[in-house]
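*Asks:* The structure that follows is given in the form of structure tokens.
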Amino acid sequence: KSKPHAFESSSMLCKKKLYIGALFPMSGGWPGGQACLPAAQMALDLVNKRTDILPDYELELIYYDSMCDPGEATKLLYDLLYTEPIKIVLMPGCSSVSTLVAEAARMWNLIVLSYGSSSPALSNRQRFPTFFRTHPSATLHNPTRVQLFQKWKWTKIATIQQTTEVFTSTLDDLEQRVKEAGIEISVRQSFLTDPAVAVKNLKRQDARIIVGLFYETEARKVFCEVYKEKLYGKKYVWFLIGWYADNWFKIKDPSINCTVEQMTEAVEGHVTTEIVMLNPETVRGASNLTSQEFLAQLMSKLGGKNPEETGGFQEAPLAYDAVWALALALNKTVGPLKAKGRRLEDFNYNNKDITAEIYRALNTSSFEGVSGHVVFDAQGSRMAWTLIEQLQGGSYKKIGYFDMTKANLSWYGNDRWIGSGPPADQTVVIQKFRYLSQKLFVSVSVFAGLGILMGIVCLTFNIYNSNVRYIQNSQPYLNNMTAVGCMMALAAVFPLGIDGLHVRNSQFPVVCQFRLWLLGLGFSLAYGSMFTKIWWVHTVFTKKDEKKDKRKHLEPWKLYATVGALLVIDILSLMIWQIVDPLHITVEKFTKEAPKGDLDQLIEPLLQHCSSEKMNTWLGVVYGYKGLLLLLGIFLAYETKSVSTEKINDHRAVGMAIYNVSVLCMITAPVTMILSSKQDASFAFASLAIIFSVYITLVVLFVPKFLIPPHVFSRQKEERVSELRNQLSERQALRSRKRPTSSNQNHSSPSLPAPQNDPKSLLPPPGYPLPASDNHSLPPTFSNSSTLYQPDGKINRNNCHPGRLQLLYK
């Protein structure tokens with residue numbers, strides 16, 4: 001059992017003594033009594049010498065060594081309470097001991113004034129109704145930490161704590177404060193004695209900004225593991241408690257297997273938040289000492305001990321001011337107690353009135369001490385500034401102060417980092433959009449442009465020669481639709497290659513619409529017109545009575561109506577799609593990639609897509625409908641491959657084009673869906689499929705018409721003019737026979753007049769060109785006469801039969 005110690009100042013012996021029961025930890029987790037006890041004794045000596053403070057009383061300190069152990073403190077508290085003399089106030093140190101003493105003191109009506117307890121749990125008036133402390137609560141560090149997190153733009157932190165109440169409650173308070181500030185605690189680790197597993201978990205979960213809450217002895221264990229796990233350097237920042245000894249990481253500790261050099265390397269650059277325990281200003285307070293004069297006297301009393309190796313040296317001003325706060329509060333109660341007929345020496349453990357007066361006096365304390373301005377909040381905790389330091393080159397440097405009461409951060413700007421600045425709170429992820437290769441886009445666009453020019457040439461040729469029978473027999477209006485559709489499909493290549501590099505996000509949905517409509521309508525016109533041709537050939541020439549159907553007159557409006565129906569179906573389906581589920585931008589995210597070089601960054605590739613909520617459903621409907629048309633087109637082309645007809649003389653070329661287009665489309669559609677995440681490959685495959693389909697279609701349909709020799713067109717014109725001349729001659733002959741004859745003519749059957757060789761009879765009617773000219777096309781009024789006169793039954797002057805005259809006349 002520890003023996004009690006008594007400290008009595010050299011004051012007049014006639015004064016009445018007031019006893020203070022104290023517990024000073026001289027060893028253990030926080031050996032703060034080594035410096036705090038001498039500081040308290042210095043304060044007692046000065047107080048007892050003052051004639052204006054408790055002139056009739058003398059304060060005497062009775063203290064034990066609690067070893068910062070609650071179990072040991074329990075026995076010592078029993079001795080203090082049940083051993084004479086009666087103690088008017090208790091002064092414990094170390095949070096775990098103070099918690100025990102403060103909770104029990106209410107049963108003896110004792111005021112508890114702590115000089116070295118930082119546990120936030122002690123800021124609970126219901127549990128500790130008579131507790132005060134000159135050491136601010138550990139939660140006072142948290143507003144400072146949050147302020148630094150915000151200053152350095154950190155939104156993600158990690159914590160590691162020793163499992164004791166003081167650190168648990170501090171961390172609970174920190175968690176609440178960072179949540180209010182929009183900061184996330186991503187990792188929360190704890191340990192009892194061995195921090196190895198906790199440190200490994202921090203490393204595994206990529207913790208960067210780490211708040212450590214543990215005592216000094218455990219701090220050495222933690223940073224030995226930190227060195228082993230390489231959890232230090234330019235990517236990491238550690239926040240520690242500032243009340244460790246300045247050389248805590250250099251002290252040899254048998255419980256760790258790291259050298260001083262390794263420990264020094266591991267702790268470099270860490271930041272501490274420490275309650276300002278020494279007044280930075282040169283002012284004389286209640287004790288009539290400046291802070292520097294106090295330190296000089298304390299060093300003298302310590303007998304030359306190294307302050308860095310003396311436990312509690314930083315908290316010594318708090319112990320000094322605790323004695324002064326108590327003395328001033330007791331002095332303040334003398335008058336009120338005297339008015340009630342009471343005296344301080346009348347105090348006993350059952351006297352609540354004297355306790356209430358002491359409580360009231362402490363609660364209103366306000367004076368300048370060597371630790372700064374001393375004032376208590378509603379929970380009895382000291383309100384103070386926070387000092388921010390950083391370990392630079394093996395020694396602590398002041399980098400700022402924070403005044404919680406005013407939320408004011410005073411910054412020196414001398415913080416130093418291993419890298420170029422404060423590290424990121426996590427691996428910096430840089431989002432980078434993937435864009436289409438501009439070389440590929442330009443190359444494909446050139447081919448698409450050339451294809452559009454080719455389509456214009458084909459369309460112009462077809463329109464210019466629309467009165468030529470060979471062109472007429474190929475249904476030129478359907479071919480014109482094919483050429484227009486091909487040009488629209490080629491025009492879709494340009495919006496297919498436009499992405500976020502060229503337009504803003506707000507304009508991108510318009511580009512998506514152009515892609516869809518140009519490609520959809522282009523396909524309907526180009527493929528629909530070819531499909532109509534091959535469908536009509538199959539319908540007419542695959543009947544059982546083939547000869548009868550061959551003589552069937554071709555009605556062009558039915559062909560145009562078929563193309564129009566296909567076009568209307570596409571327009572309606574696209575309109576419904578865009579009204580019900582319009583296209584919009586979606587962003588695809590890819591696996592993060594590490595850039596080259598020693599950069600704490602990851603690149604997250606992004607890719608923009610045109611999409612809608614039910615994109616797959618719409619594509620399924622469109623692809624299904626188009627796919628059936630393609631398959632049906634292939635079937636019809638195969639069925640009509642041996643058919644020969646002059647009414648659609650290029651149906652074999654149409655069938656060839658359908659084969660190629662169908663195969664390319666059916667391959668391209670699924671492949672582009674698979675390659676949608678590879679913008680270059682997807683664009684190249686889709687655009688080249690469009691270009692090849694169009695080129696093949698234009699070449700197969702139109703180039704053979706370009707290659708027809710000029711004399712074919714001339715011969716066709718001559719035959720046509722000759723046919724018309726014969727028809728006119730025959731009409732003239734009929735008119736002459738219908739004229740009234742002379743009276744001597746009988747009513748016998750008329751005979752045909754003899755052929756006449758008069759050149760005038762061979763001339764065309766007035767207003768028509770001479771037959772000798774091959775450079776003039778026929779008038780439009782005779783463009784369809786071929787349907788009336790077939791090549792196998794021409795009527796001319798040489799083979800005219802009387803039976804055909806009436807038909808010709810009609």
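Using N, Cα and C of the backbone, Cβ positions are placed for all residues, glycine too.
All TrEMBL annotations are machine predictions without curation.
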*Asks:* Pick from 98-117, 658-677: which range has transmembrane segment per TrEMBL?
*Replies:* 658-677
*Asks:* Where else in the chain does the transmembrane segment (683-708) make close Cβ contacts, counting only residues six or more beyond its ends and a cut-off under 8 Å?
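*Replies:* Here the qualifying positions are 436, 440-441, 444, 447-448, 451, 454-455, 458, 461-462, 465, 470-471, 474, 479, 482-483, 486, 489-490, 492-493, 496-497, 519, 526, 530, 650, 653-654, 656-657, 660-661, 664-665, 667-668, 671-672, 675.
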*Asks:* Please determine whether the transmembrane segment (477-496) and the transmembrane segment (658-677) are in contact (criterion: at least three Cβ-Cβ distances under 8 Å, sequence separation 6 or more).
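*Replies:* No, the stretches stay apart by this measure.
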*Asks:* For the transmembrane segment (516-536), name the stretch out of 440-465, 617-638, 658-677 with the most CB-CB pairs under 8 Å.
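*Replies:* Stretch with the highest Cβ contact count: 617-638.
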